[in-house]
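Below you'll find the structure, written out as C-alpha cells, and then a few comments.
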Amino acid sequence: PRKGKEKKEEQVISLGPQVAEGENVFGVCHIFASPNDTFVHVTDLSGXESICRVTGGMKMKADRXEXSPYXAMLAAQAV
C-alpha cells in the first residue's frame, strides 16, 4: 500500500537583527556601481555584519541589462 505524503512544517529563519514589531533598525547602505553591475550592500552601523546584499545581476536575466539603471532600481527596491 502507498503511504500518503508526509507534511513537513516549514520553519522561518530570520537572519537579521532581532527587533520588536514597529521598532526601527538603522544600517548603512553601500552602493557600488561598476560598468558591468550594480551592488547594494546593507550592513549594521559598524559595517561588520551584513544584513542584505543584492546585485543588479540577481534581478535581471540578460547580461547586457545588469548595469542598467532599471536593474539598479530593482536591486534597491529588493533591499
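Using the three backbone atoms N, Cα and C, a Cβ is placed for every residue, glycine included.
Feature annotation from Swiss-Prot assigns SUMO2 cross-link to Lys59 (among others). DSSP assigns Lys59 (SUMO2 cross-link) to a helix in the three-state reduction. The Cβ neighbour count for Lys59 (SUMO2 cross-link), using a 10 Å radius and every protein chain shown, is 19.
Lys61 (SUMO2 cross-link): 7 other CB atoms within 10 A of its CB, across all protein chains. Residues or ranges marked as SUMO2 cross-link by Swiss-Prot: Lys61 (among others).
What Swiss-Prot records for Ser14 is phosphoserine, and it gives similarity to another entry as the kind of evidence.
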